[in-house]
Amino acid sequence: MEQFRQRLLESTVKQSDLIEIFSQIDADHSGRINYEEFHRAIKYLKVEMKNDDEIKSLFQQFDTTHNGQIDLNEFLKKLRPPMSQRRERAALNLFNGMDVNHDGKLTVQDLKTKYASQIKNNKKKGDQSVDKALRNFLNKFDTRGQEDGIIDKDEFLGFCSMLSATVNDDIYFEHVLRLLFDFRL
C-alpha cells in the first residue's frame, strides 16, 4: 500500500490531483474502479508486486465496502497521507468553529453566519454573489462527485490531509489553515 501511495503522491499536492488520477484509472468512466482497471494502473505505475494475489490483496484494501469496486471516497481515504494528532485537532477545531449550527456539515449559511461582519464590511457585493462565491469555495472540497455546496468532516479532513502533506512544520500548518479561512469577501 505504501509504495502505491508514494507513487501516486509523487505527482500530487492537492486532493483534486488524486481525483484526476482516479478519473484516469476509471477507464470506463463508471465512477468506480474495477479490478481490471486497478490491475492496469498497478502495472502502468510499475509498483513492485510479486504476483496477481498481491494486487488482489491491495485492491481489497481499497474496496472497504467489499462490492468489487473502488469508489472515489474509498480511493481518497486510502491515499491521503495521515495527519498528526495535533494537525487533525487543529483542522477539527477549525471545522467545528465554522459549523455554526453544529450539524457536522459546512454550508453557505454557516459561512455567512460565521463571517457576517466581514461580509457586511464589503457592501460592493450583493447577497447573491456572496452566496455564489461561498458555494464555489465549498465546492472545492467536494469528493463525492457532485458539487452540492455542503462539506462534511471527512471531506474537510481530506483537504486538510492533502495540505498537511505539503507542509513540514505543525505550527506553520496551523498558520496556513488560519490564513486560508480568514475570508475577506
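Every residue, even glycine, has its Cβ placed from backbone N, Cα and C.
Bear in mind that TrEMBL entries carry predicted annotations, made automatically and left uncurated.
What you see is a predicted model, and the numbers here were worked out from it, not measured in a lab.
Counting residues 6+ beyond its ends, the domain 'EF-hand' (13-48) has Cβ neighbours under 8 Å at 3-4, 7, 55-56, 58-59, 62, 68-72, 75-76, 79-80, 140-141, 143, 145, 158-159, 161-163, 165-166 in the same chain. Taken from TrEMBL, the feature domain 'EF-hand' covers 13-48 (among others).
TrEMBL lists 50-85 (among others) with the feature domain 'EF-hand'. Here the domain 'EF-hand' (50-85) has a mean pLDDT of 88 out of 100.
TrEMBL lists 86-121 (among others) with the feature domain 'EF-hand'. Within its own chain, the domain 'EF-hand' (86-121) is flanked in space by residues 130-131, 134-135, 137-138, 149-153, 156-157, 160, 164, 170, 173-174, 177-178, 181, 183-185, which lie at least six positions past its ends and keep a Cβ under 8 Å from the stretch.
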